[in-house]
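> Sharing a structure below in structure tokens format, with a few things to ask.
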């Protein structure tokens, strides 16, 4: 089973990716992990990627694509995989398609966890964290018992810079501009499956399993 996982920041992709990986016994492949591994192991692609990053430049598509190709040819991908964070653009999706076609393979489904912008804003801007012990809270869904204080150590909880309304809106705008053409790409290929991400975590996973089926 070969799956592409799509969804906005704050949609819970990481949580669902872990559950899908465990349920269907396929590796969860994130571009972040691929980059870190290549760079830490000083592979030729890792060295090339790091040279761009050190100069404050974006890593070219071809480098990312080649890293993903290398990863998909490893033994643990023989029975499928879950791609998270790739493809991000139609160009990358086309490159993935071409690579799979050469191997007489194809993506089984592009799984979109769909969550309205307002819901994401509430979910992400409400997050709070304790800088001392790392405990996580949410001002609406899981607030600390003592207003503004960590239940575990008593420190003041804070909002991370990534969770401010301005930052979240910027990330969502980037996501929409980048991902809508990608959603249309998979929709036109009749490979897109959509899940309501506003449900409870277990309900989202149940919906995903209905789409993917019961076979491992």
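A Cβ is built for glycine as well, from the same backbone N, Cα and C atoms used for every other residue.
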> Which candidate from 36, 127 does Swiss-Prot annotate alongside 10, 11, 12, 13, 14, 15, 136, 137, 199 at the ATP binding site?
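Within the candidate list, Swiss-Prot flags 127.
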> I'm validating the feature mapping. Which of 88-125, 126-163 is tagged region 'LID' in Swiss-Prot?
126-163
> Please spell out the DSSP helix, strand and coil residue counts for the region 'LID' (126-163).
3 helix, 10 strand, 25 coil
> Could you measure between residue 31 (AMP binding site) and residue 14 (ATP binding site) for me? Cα positions, answer in whole angstrom.
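For residue 31 (AMP binding site) versus residue 14 (ATP binding site), the Cα atoms are 12 Å apart.
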> Work out, from DSSP, the number of helix, strand and coil residues along the region 'NMP' (30-59).
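Secondary-structure breakdown of the region 'NMP' (30-59): 21 helix, 1 strand, 8 coil.
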> Go through 10, 12, 14, the listed binding-site residues, and name the one with the sparsest Cβ surroundings, counting other Cβ atoms within 10 Å.
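Taking 10, 12, 14 as the binding-site residues, the minimal 10 Å Cβ count falls on 14.
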> Would you mind ranking the binding-site residues 31, 57 by how many other Cβ atoms sit within 10 Å of each Cβ and giving me the lowest?
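Each of the binding-site residues 31, 57 was scored by Cβ atoms within 10 Å; lowest is 57.
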